[in-house]
Amino acid sequence: MPIIERILAREILDSRGNPTIQVEVTTDYGTTGVANVPSGASTGSREALELRDKGTKYENNWFGGKGVMTAVDNVNEIIALELEGLSVFNQREIDKIMIDLDGTATKSKLGANAILGVSLAVAKAAAAELEMPLYRYIGGANAHVLPLPMLNVLNGGEHASNTVDFQEFMIMPVGSKSLRQALQMANKVFHNLAKLLKKAGYGTQVGDEGGFAPNCKSHEEVLDYLVEAIKIAGYTPATKGKNAIAIALDAACSELYDEKTKKYTFKKLKQAISEKRPGFEHLGDVKLEYTSDELIEYFGKLIDKYPIISIEDGLAESDWEGFAKMTAKYGHKVQIVGDDLTVTNPKLLEKAIEQKSMNAILIKLNQIGTLSETMDAINKAQKANMACVVSHRSGETEDTTIADLAVAFNTGQIKTGSMSRTDRIAKYNRLLVIEEELGEQSEFEGIKAFYNIK
């Protein structure tokens, strides 16, 4: 039985140039598993805590105290001593030991980034010991479904320095018959979108997740460009049918919400109008503030006008009542995804199931901090007939764990960025390899991934 012989953490850089943590786990057989931990920009307040160096002896190492040497030390000096000598196959025992060792609800003592790095590296070392891919080790013989990708082709919100308030505008090739075809379709739309934006006088610089970041004057303008790009690429902007490509949104409305006024404000657009930027002078009468009910109605108008199939974080993380209203109103035709609402937490997911707050959950490993708890959240959601969307973070690395996780649990959907930036493309490349490995055993469900819409 291979045991953990050494655990070593180090500081590396993520896709934004910020420090993050990498962990190596080596067994007594000489096998090593390596994991890099991602980092989010738009984060839910109930997420497990990412430990940074501000206020510590390492504070001045990196800009803004964003180093992770405190978390690195916690791995090398505390966690390693507890886990070395244990079987590398005892994933749940190892995760529980780390959870108990930390002793806080948000993993704030040792850091969720420290704990997650070890948790994932252990799983990778175990898979390597058995000479099998990670998706097979985690998911067993039943791991065979390739996920339909949500491709974030236009960025806004916290992910881009532009005038667009909603954070992500994504395309989903629901009419595709394979993962490869889905990526081919998305590729054509992405490059046609670039041409459209250039023609309109917008730059084609990209945001954190590889999507374009133009200074559009409304969400509708963005959606119009997406629809046009889909058509020019030779596909149909629709939520179903042959060659159909649908649209998905991540509104990230917690970032727009004011707890005092109980209103949502399109802050970036408001600023552009108040500063009278070129092209925004005539927008003085545009509605910029919404109550929860008004925002739900606004989404309804978008759903009626555009081929929208999924809306993530359409309301703030504290607006449980609003989420339930939105799901009751639109859940029969649109996927209502909870991200900040549930933060991959099985306990919060239970509340969402009871209150019928959503019909899909976003799965982010670093929101909860261990592989075991992530697996519990996925299992609980699937039993409740909720769809699971495995997701990246805005701060990523070349690590491709989430690609394997999506296949391991047959989630049917993955959200991992646009058709640019190596940190995003790495996940798609990993999925293409998995598709090839599985061959005829693989299944790609396309529109069937939305079994939760009814």
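Cβ coordinates are placed from backbone N, Cα and C, and glycine is handled just like the others.
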Further (2R)-2-phosphoglycerate ligand in Swiss-Prot, beside Q167, R393, S394, K415, within candidate set K188, K195, K364: K364
Annotated companion of D250, D339 at the Mg(2+) site, Swiss-Prot, chosen from E220, E221, E281, E312: E312
Top Cα neighbour of Q167 ((2R)-2-phosphoglycerate binding site) in the set of recorded positions E209, D250, E312, D339: D250
Most Cβ neighbours inside 10 Å, all chains, among the recorded positions E209, D250, E312, D339: E209
Per DSSP, three-state class assigned to E312 (Mg(2+) binding site): strand
K415 ((2R)-2-phosphoglycerate binding site) and E312 (Mg(2+) binding site), Cα-Cα, nearest whole angstrom: 11
Spatial neighbours of K364 ((2R)-2-phosphoglycerate binding site) that are distant in sequence (at least 6 apart) but have CB under 8 A: P38, G40, D339, V343, T344, S391, H392, R393
